[in-house]
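Engineer: Pulled the feature table from Swiss-Prot, pasting it below:
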- 334-353: compositional bias 'Low complexity' (COMPBIAS)
- CYS110-CYS187: disulfide bond (DISULFID)
- ASN2: N-linked glycosylation site (CARBOHYD)
- ASN15: N-linked glycosylation site (CARBOHYD)
- ASN200: N-linked glycosylation site (CARBOHYD)
- CYS322: S-palmitoyl cysteine (LIPID)
- CYS323: S-palmitoyl cysteine (LIPID)
- LYS296: N6-(retinylidene)lysine (MOD_RES)
- 331-353: region 'Disordered' (REGION)
- 1-36: topological domain 'Extracellular' (TOPO_DOM)
- 62-73: topological domain 'Cytoplasmic' (TOPO_DOM)
- 97-110: topological domain 'Extracellular' (TOPO_DOM)
- 134-152: topological domain 'Cytoplasmic' (TOPO_DOM)
- 174-202: topological domain 'Extracellular' (TOPO_DOM)
- 225-252: topological domain 'Cytoplasmic' (TOPO_DOM)
- 275-286: topological domain 'Extracellular' (TOPO_DOM)
- 309-353: topological domain 'Cytoplasmic' (TOPO_DOM)
- 37-61: transmembrane segment (TRANSMEM)
- 74-96: transmembrane segment (TRANSMEM)
- 111-133: transmembrane segment (TRANSMEM)
- 153-173: transmembrane segment (TRANSMEM)
- 203-224: transmembrane segment (TRANSMEM)
- 253-274: transmembrane segment (TRANSMEM)
- 287-308: transmembrane segment (TRANSMEM)
Amino acid sequence: MNGTEGPYFYVPMVNTSGIVRSPYEYPQYYLVNPAAYAALGAYMFLLILVGFPINFLTLYVTIEHKKLRTPLNYILLNLAVADLFMVFGGFTTTMYTSMHGYFVLGRLGCNIEGFFATLGGEIALWSLVVLAIERWVVVCKPISNFRFGENHAIMGLAFTWLMAMACAAPPLVGWSRYIPEGMQCSCGIDYYTRAEGFNNESFVIYMFVCHFLIPLMVVFFCYGRLLCAVKEAAAAQQESETTQRAEREVTRMVVIMVIAFLICWCPYAGVAWWIFTHQGSDFGPVFMTIPAFFAKSSSIYNPMIYICLNKQFRHCMITTLCCGKNPFEEEEGASTASKTEASSVSSSSVSPA
């Protein structure tokens, strides 16, 4: 084994020199340069500095503007709540532990940080799935005369929380466990060991299949069908410039959505799966740290993609920030009006709002 396993931790360094210590009790500066811990703390501070205002503003703007309180925007609010979970439950903790160079909050703190970071990430992930399904059903109309209402939105919210809890809660009750990972300043699922009594193998397989592969396939299917529907509608109205413009905008937005999804989750999932299938192999602490924080940065990607690209929401947000007046209102109004005749495939119809 090219690491040191202890009670509730796994340090990716062989303890031949006798310097490896518990990440709950001692600084881990023997793993990487102390400057790396300072850089990690600064990065987490940046995520807090950006992630909290934009997600809080999302909640505030929706509450302030009645026209935004639509059933579909409930899912967008769910994304903001999930991101705030990650900010307060994960980012603040990691910033604090990075300043000390080890997981100073102990085993209980590791469970709390791991749970809230996982819960927030999974709520966000399944919210994206619900958005994808809603867009597919509404735009592609596999079910005739379907209208996404408040009851559907509430069921969607309940579904995201149920699936998120089904992933985040089991490690708290003995099916797998949360342990410090990477530079030992944040906690995640134990992909590293086959510790007796925790059934890590079955949980990791369950998590990858049910909480990564299936959501990924659903998102690709729904947005793939969505693009096909947009192309078919545009082909039927080739003389319409506004339709062609709408097609391009929708295509761009969907591509950004899928790329962001992959950037956030594929590096972390890929590295975690490699570690799981190559337990005992040699790897450094940074190997898991970098992809883990790509996944955490989804708290910034989500509001930028799903809200800032939404014209109505952006208008309301600017109005709120500018004390009730939008200096770009005339320009945005003209842009919106130019798409009226292509309403069946316009970006406002296909974007998540």
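Residue positions begin at 1 at the first shown residue.
Placed from the backbone N, Cα and C atoms, the Cβ positions cover glycine too.
Since this is a predicted model, take the numbers as computed values, not measurements.
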Engineer: Six or more residues out from either end of the transmembrane segment (37-61), which same-chain residues have a Cβ under 8 Å from its Cβ atoms?
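Structural biologist: Counting only partners 6 or more residues beyond its ends, the transmembrane segment (37-61) has Cβ contacts under 8 Å with 29, 68, 76-77, 79-81, 83-84, 86-87, 91-92, 94-95, 98-99, 101, 183, 185, 289, 293, 296-297, 299-300, 303-304, 307, 313, 316-317, 320-321.
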Engineer: Are there residues at least six beyond either end of the transmembrane segment (253-274) with Cβ under 8 Å to its Cβ atoms? List them, or say none.
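Structural biologist: Beyond its ends, the transmembrane segment (253-274) has Cβ neighbours at 125, 128, 188-189, 191, 204, 208, 212, 216, 219-220, 223, 226-227, 287-288, 290-292, 294-295, 297-298, 301, 305-306, 309, 347, 350-351.
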Engineer: Considering Cα atoms only, can you say which of ASN2, CYS110, CYS187, CYS322, CYS323 is the nearest neighbour of ASN15 (N-linked glycosylation site) among these recorded positions?
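Structural biologist: Nearest in space to ASN15 (N-linked glycosylation site), counting only the recorded positions, is ASN2.
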Engineer: Same chain only, sequence gap of 6 or more: which residues have a CB within under 8 Å of the CB of CYS110 (disulfide bond)?
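Structural biologist: TYR8, TYR24, PHE103, TYR178, ILE179, PRO180, CYS187 - these are the non-local Cβ neighbours of CYS110 (disulfide bond), listed in sequence order.
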Engineer: Which of the recorded positions ASN200, CYS322, CYS323 has its Cα closest in space to the Cα of the residue listed as 'N6-(retinylidene)lysine'?
Structural biologist: ASN200
Engineer: With the cut-off set at 10 Å between Cβ atoms, which of these recorded positions ends up with the most neighbours? Options: CYS187, CYS322, CYS323.
Structural biologist: CYS187
Engineer: Looking at the glycosylation sites ASN2, ASN15, ASN200, which sits with the largest number of other Cβ atoms within 10 Å of its Cβ?
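Structural biologist: That would be ASN200, with the most Cβ atoms nearby.
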Engineer: For a three-state summary based on DSSP, what are the helix, strand and coil counts in the topological domain 'Cytoplasmic' (62-73)?
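Structural biologist: Secondary-structure breakdown of the topological domain 'Cytoplasmic' (62-73): 9 helix, 0 strand, 3 coil.
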Engineer: What's the CA to CA span in angstrom from CYS323 (S-palmitoyl cysteine) over to ASN2 (N-linked glycosylation site)?
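Structural biologist: So the Cα of ASN2 (N-linked glycosylation site) lies 58 Å away from that of CYS323 (S-palmitoyl cysteine).
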